[in-house]
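Remarks on the structure that follows.
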Amino acid sequence: MNVQAHMSGQVSNQGTMSQQNGNSQMQNLVGGGSAPATGAGLGPSRVSPVDNDILKLRQAMRIRIFNILQQKQPSPADEASKAKYMDVARRLEEGLFKIANTKEDYVNPSTLEPRLASLIKGRQLNNYNQRHANSSSVGTMIPTPGLQHSGGNPNLMITSSGDATMAGSNNITTSAMNTGNLLNSGGMLGGNLSNGYQHSSSNFGLGSGGNMSSMSSQRNTGQMMPTPGFVNSSTNNNSNNGQSYLSVEASNNSGGFSTAPMMVPQTQQQQLRQDIGGQNSRMLQNHGSQMGVGLRPGMQQKLSNVSNSSINGGVGMNAKSVDSGTSYTNPIRNSQQAYDNLQRSGMQGDGYGTNNSDPFGSGNLYGAVTSVGMMTNTQNANTASFQAVSRTSSSLSHQQQQFQQQPNRFQQQPNQFHQQQQQFLHQQQLKQQSQQQQRFISHDAFGQNNVASDMVTHVKHEPGMENPSESIHSQTPEQFQLSQFQNQYQNNAEDRHAGSQILPVTSQSDMCTSVPQNSQQIQQMLHPHSMASDSVNGFSNLSVGVKTESGMRGHWQSQSQEHTQMSNSMSNERHIQEDFRQRMSGTDEAQPNNMSGGSIIGQNRVSTTSESLNPQNPTATTCRNGNGNRDPRFKNQQKWLLFLRHARHCKAPEGKCPDRNCVTVQKLWKHMDSCAAPQCSYPRCLPTKTLINHHRSCKEPNCPVCIPVKAYLQQQANARSLARLKNETDAARSVNGGGISSDAVQTSAGAKSCTSPGADISGHLQPSLKRLKVEQSSQPVDVETESCKSSVVSVTEAQSSQYAERKDHKHSDVRAPSKYFEVKAEVSDFSVQTRPGFKDTKIGIAENIPKQRPVSQPDKQDLSDVSPMQETTKVEKEPESLKKENLAESTEHTSKSGKPEIKGVSLTELFTPEQVREHIRGLRQWVGQSKAKAEKNQAMEHSMSENSCQLCAVEKLTFEPPPIYCTPCGARIKRNAMYYTVGAGDTRHYFCIPCYNESRGDTILAEGTPMPKARLEKKKNDEETEEWWVQCDKCEAWQHQICALFNGRRNDGGQAEYTCPYCFIAEVEQSKRKPLPQSAVLGAKDLPRTILSDHIEQRLFKRLKQERTERARAQGKSYDEIPTAESLVIRVVSSVDKKLEVKPRFLEIFREDSYPTEFAYKSKVVLLFQKIEGVEVCLFGMYVQEFGSECAFPNQRRVYLSYLDSVKYFRPEVRSYNGEALRTFVYHEILIGYLEYCKLRGFTSCYIWACPPLKGEDYILYCHPEIQKTPKSDKLREWYLAMLRKASKEGIVAETINLYDHFFMQTGECRAKVTAARLPYFDGDYWPGAAEDLIYQMSQEEDGRKGNKKGMLKKTITKRALKASGQTDLSGNASKDLLLMHRLGETIHPMKEDFIMVHLQPSCTHCCILMVSGNRWVCSQCKHFQICDKCYEAEQRREDRERHPVNFKDKHALYPVEIMDIPADTRDKDEILESEFFDTRQAFLSLCQGNHYQYDTLRRAKHSSMMVLYHLHNPTAPAFVTTCNACHLDIETGQGWRCEVCPDYDVCNACFSRDGGVNHPHKLTNHPSLADQNAQNKEARQLRVLQLRKMLDLLVHASQCRSAHCQYPNCRKVKGLFRHGINCKVRASGGCVLCKKMWYLLQLHARACKESECHVPRCRDLKEHLRRLQQQSDSRRRAAVMEMMRQRAAEVAGGSG
């Protein structure tokens, strides 16, 4: 029987009829062609009452949509417009009907408009007008049941005629024995096709003639209906392995291949109708494509395996592209599981195509991606027989399996098939209602428009084939519209003669529903003011195949001339083709079988058409049942994400990347890095940022964009895991024989081979990933393997147990760190295992990014002669014939793996084997975690899976999310709470929900600037980042970077060789290597020493020795038996001069008293390191402020202990001789040593605010361990006081008092005035901020704005009380001062003990000034009475009753004590130590938060400390240090050449390689690169610091210089940058490189600038911004203190009650 297929998807002519031969076939075609119009073959109407109700509901929905359209218009519509709106409404309703999951979803009015917007934005809406009835002869044949099918001719020849009218005879001559020989009976192609095109010996009824439809096909059986109970077995043996047999059993002989489903008798077809629909539009899953795939013997394929796929664009089984480089042979173990998965997916409406990559025994192996005769996607084929040429091209649907191609949208001439189209649409509606009422969704293949992209498939010209364009009728010319959303990549197969190789088949039906009408039209209709046009030359992807011959190109060109409306698109295509041809260096496009030529049929190209790459509306979808990832728009977004990765860190010199658009995307990155504009007009900025933000936070398990991207990254990351299997020794030998064994590598579903790896999409500060490890998604990902821009070929995780049991074969989730990190998707060689008895083939993989791999491995072959856009494999027979990768220029400093030998990429390289083992043991102790968590993690050691880290034995570990604070109120946004955000980088603002709701109107204030609420993005604070992974280059095992002590910053672009600890131990013990010397990686001891650090260290070591002696004596042991703290290092890592500006309101009160406007001080950071398990761990840190003798009163000679922090990892954990913890003893000694140092330098007092951090927050070290509890304020205060008591015993501290008693009270004989002007004014202290708030409240009370009478009454009472207390001057500022002190005292009094004043020198009892010179007059009787010289003179002038002691008759004698040994000058003799990361506490905390340098466990503390030391030894190299004299661009480290004679002549690598520096008379030498240096060296660090200082000096000079011919080096260059900054329209926020670098320098300058009237541009603005950040931090700290005090008061009240 001949089953004719129609566009409607129905099965027509079901009745029994004979298949006619020859031209009589036209009778069937004509008859079939009338079916859509007349309903013939459909039977009576099956529209039930339910259908009528649905029709009424749909009509009501159309009217509702029509009304919405009318309401969106600014003016009333005329009749013509109304008709247009109704037509649009009809099309929109059809789209809504198709995407609705349930009836409730369909009618839901609350989501109607969003769904409409999604349809409009997510689809080209003109595809419904492009469906046409097709009465082609593409009928699937049901073979006669019960007869065995055999064949003996391995070389199948078929007719390749597109129609009988073209060749006169279209018969398939069948012998009486039905041997399956397909004889060429003529045809328009003039001969048999290439030997490689394999056709099944399909059984035709005896005497039926076996009419075969038009084109050659890999499998006819893919469309045949399976007949249960009948097995088509083969009678041939191995000699026939070129012949394809139809058998569903896995037990057929080695010459046969299980390729076809079983046949279904006619009696069952009606039962299948609902599931199958049109047989020509749906195909059964041809699962058992290779021999021995492992299907259950005799198992019938379930009906749910029906593929619901449109036959569009020549992709019969699959509307997607088919990868040409991966074998899809199923492993035995998991084949049934995969089979069942396919069944489940099919039941969900997720069609799968045939998987029939059939190996020939000795011929060419063509997967379903081989090219075939007709240009199905580019020509009109057989219009005599194809009465309507639709998206379905002229080939058979199963032939579409042979193409690797993308869906095609053919735009017909407007009125050509109007009648058939309308009939089809009506028929389509009837079918949808009758077939799928239960699901309320249409699964009909032709009811789906799964094309949103106009792909042009160019097919390779085969020998003996005519150019099909010569035989194409012109009645229905197809127009190729390259729309702005066209960005599909396309892959065609590359035919090969040599060696039997497998090219893959993957197919999957596309369930997405397009919406008719042009999207821009409707968008303009709905949102007439929101349409923004973009450049026609926007970035887009265009599928470009290899041109076959010039005649073919001429045909395309003639077509473009014939269709004038498409001239622009075709012009673009020709331009792209020409460009692509130029890229194809060394490839032979005209040769069909060019194994060695490197010809590529499916190429990936990013062209400059329109803005089709714009990933707009990344989350909008019009797809059903999770099949949205087959939507071409989602594929666009996937490819855009991956191309963004490539461009981020493309290693090619600028302009040298094989993809010319790489530069464009790099500019886009640079723009987005600082772009904060909500409606940025920069091309592709907004949609790209939207896509990136979605990808960053995507948690959807079925996300059609992110899941395939992650799957691709998984494929790349795990490719090396498949490289070294146990047959690696046979890897160089080629495959010899027919089949692929059942344990061959199967590419996992969802492996998208897309653009080359590059940078992660997010951020800047993150360390680079050596390799990215991605967890295999739990749901089936898109089965297609797409060829994308600059893609590489690799194989995803194998499903066989053989691979799954390998512990070095892992995957895990990728959580791209939020800032700066690089991604290296490692691509390796992989081994395709053949069936037993055959040798392995080692297939090399082309690494496609220039300069990605420095040197090729000697035993591995890199396909550098292949275009970077090619995705294919080659059988490597002669390694010496293949070129090395064009990556690195030098082979020096490389390892055996071909990677640069960068020393110290992991700190374990410095360890001895025993230290490595100790480190691993320490990892599994989980020090820092609670007991329960530690035990849980330790238990995982006994159940390590393949995904577990080989060091810590745990699979998935996530970082603590950094805290987020509300900009207006400063409150911390809680975990999992919603918030709003806007901006980027330092200018990002956050708004908590209460602040957002309290802000009325359309704007909200952020730091005084109104922000439109429309710009705010609502988010949830639930982001998680997984720990990074790294893979050993030796054993391929995966470890956490933190466990491996891997320094991503030293990874040299992802290419540094990494050896895991286990391999390292083995190599050391086998004497293959030695541990690096300790000096190879600079540590804490290598940091600069200062007088302060030496003083504290010497004191600490001395006291530890004394403590150890005391402990030995107390315990009755010898000195050596007592454990003590060892390997301690103290360093000052930052020592810079700063200025503290007095807050304006406070300054206003004391302006008449000549109060200083600013205070100069020196900020210092002191850190303590201890070597624990071989790693120097930062355990303790403190920030101090030193106000010297040159500082104005009241801060003169004062020290403020600003912040102090520690983590509880100190070793050993023992008690000291006095009972306190040894760690406490050490920390106390550090503080006492610092106070002693301050006293020796002449400082008189130290101020300490004993304020513990708020729960969940940190002062210096980010993320404390769970085992370390945050102390209460009283505990912390006692900790400080215990330290001060020790210092008092040693005579270092003279007196300890609190701030309130010293400055707010006049006790005893104190004669000092109570005024706020006496209070020491410190940066970040409690009272200056609190005073500013109080002054503001007082000013509001005076103005009557707040409290009115109540406020005035309170002020009056306060003044009266002050007057009664003896205060007489209550006017003006004096009154404000007294009121301020009164209210401030009320605020401070409850917590006065927390504000500790430490006097290092005696203070005068009368004036309270600390005495540093002259004499102090001491009372002979009173112990604590002493006054200064000035007060003594005043004392002598007083009357006797007012002299000391007051109110006593007997007066005491005073005698002088000379004050000695106090330096007059407190100036620091240490050098300035600058560190941008330690400049402020917040800067260091931000560094740690942004890079996840956490201290919550010892393992993380070790890694974090290692990275902190790296940053300290490698300060950021300043910009403009080295500039190319030719192109005037900056030269990165190791990327340039320097003249040995001229002091300032440098050229970059690009300019040097272009002209070789021939224009310069002297010799040029290459700059040293990171790989050429040892791990680090001090001289380089000092040089960088010196260069940075010079650059900052230059910045200050240039801002003041007025000379046009200044001789100051580079002065004119900086002035030019100033001028550029004034005129630049892009700015730093827009991505301007010069502006960004200038901005960086300005920020460095502003942090260090002490000039209040600085002339450097933007200096004041930057300082104001920093001030606001500090103010927010201080406000949070004060708020935390007040909350603590309220809780304390509540506790006291509750206790007393």
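Placed from the backbone N, Cα and C atoms, the Cβ positions cover glycine too.
The annotation acetyl-CoA binding site is assigned in Swiss-Prot to Leu1204, Asp1205, Ser1206, Arg1223, Thr1224, Trp1279 on the grounds of similarity to another entry. The Zn(2+) 2 binding site feature in Swiss-Prot is assigned to Cys1419, Cys1422, His1444, His1452; the stated evidence is sequence analysis. Swiss-Prot lists 1-16, 385-398, 556-571, 584-628 with the feature compositional bias 'Polar residues'. Look at Swiss-Prot and you will find 629-709, 989-1066, 1399-1462, 1519-1572, 1579-1662 tagged as zinc finger.
On the structure: features taken from Swiss-Prot.
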residue : record                  : DSSP (3 states)
Leu1204 : acetyl-CoA binding site : strand
Arg1223 : acetyl-CoA binding site : helix
Trp1279 : acetyl-CoA binding site : helix
Cys1419 : Zn(2+) 2 binding site   : strand
His1444 : Zn(2+) 2 binding site   : coil
His1452 : Zn(2+) 2 binding site   : coil
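Checked against Arg1223 (acetyl-CoA binding site), the binding-site residues Cys1419, His1444, His1452 differ in C-alpha distance, with Cys1419 being the nearest. Cα separation, Thr1224 (acetyl-CoA binding site) to His1444 (Zn(2+) 2 binding site), rounded: 43 Å. Close to the recorded Zn(2+) 2 site, the chain also has Ser1420, Gln1421, Phe1425, Pro1445, Ala1453, Leu1454: residues not among Cys1419, Cys1422, His1444, His1452 whose Cβ is within 8 Å of the site's Cβ mean position.
Apart from the site residues Leu1204, Asp1205, Ser1206, Arg1223, Thr1224, Trp1279, the chain places the Cβ of Phe1180, Tyr1227 no farther than 8 Å from the centroid of the site's Cβ atoms, the recorded acetyl-CoA location.
Comparing CA positions across the binding-site residues Leu1204, Asp1205, Ser1206, the one lying closest to His1444 (Zn(2+) 2 binding site) turns out to be Leu1204. Break the zinc finger (1579-1662) down by DSSP state and the numbers are 55 helix, 0 strand, 29 coil. In terms of C-alpha distance, the listed binding-site residues Cys1419, Cys1422, His1452 place Cys1422 closest to Trp1279 (acetyl-CoA binding site). The average pLDDT computed for the zinc finger (1519-1572) is 66. Secondary structure of the zinc finger (1399-1462) per DSSP (helix as H, G, I; strand as E, B; remaining residues coil): 12 helix, 15 strand, 37 coil. The acetyl-CoA-binding residues named in the record, Leu1204, Asp1205, Ser1206, Arg1223, Thr1224, Trp1279, extend over a maximum Cα to Cα distance of 14 Å.
Checking the binding-site residues (Cys1419, Cys1422, His1452) against Leu1204 (acetyl-CoA binding site) with a 10 Å Cα-Cα cut-off leaves nothing. Cα-Cα distance from His1452 (Zn(2+) 2 binding site) to Ser1206 (acetyl-CoA binding site): 49 Å (rounded to the nearest whole number). Close to Asp1205 (acetyl-CoA binding site) in the fold, though at least 6 residues off in sequence, lie Phe1180, Gly1181, Met1182, Asp1258, Tyr1259, Ile1260, Leu1261, each with a CB less than 8 Å from its CB.
When DSSP labels each residue, the zinc finger (989-1066) comes out as 18 helix, 24 strand, 36 coil, counted as helix, strand and coil in that order. Comparing the binding-site residues Leu1204, Cys1419, Cys1422 by how many other C-beta atoms lie within 10 angstroms of each C-beta, the top residue is Leu1204.
Put simply, Cys1419 (Zn(2+) 2 binding site) is 43 Å from Ser1206 (acetyl-CoA binding site) when counted between their Cα atoms. One residue stands out among the binding-site residues Arg1223, His1452 for having the most other Cβ atoms within 10 Å of its Cβ: Arg1223.
With every protein chain in view, the residue among the binding-site residues Ser1206, Thr1224 whose Cβ has the most Cβ partners within 10 Å turns out to be Ser1206. Mapped onto DSSP helix, strand and coil, the zinc finger (629-709) counts 50 helix, 0 strand, 31 coil.
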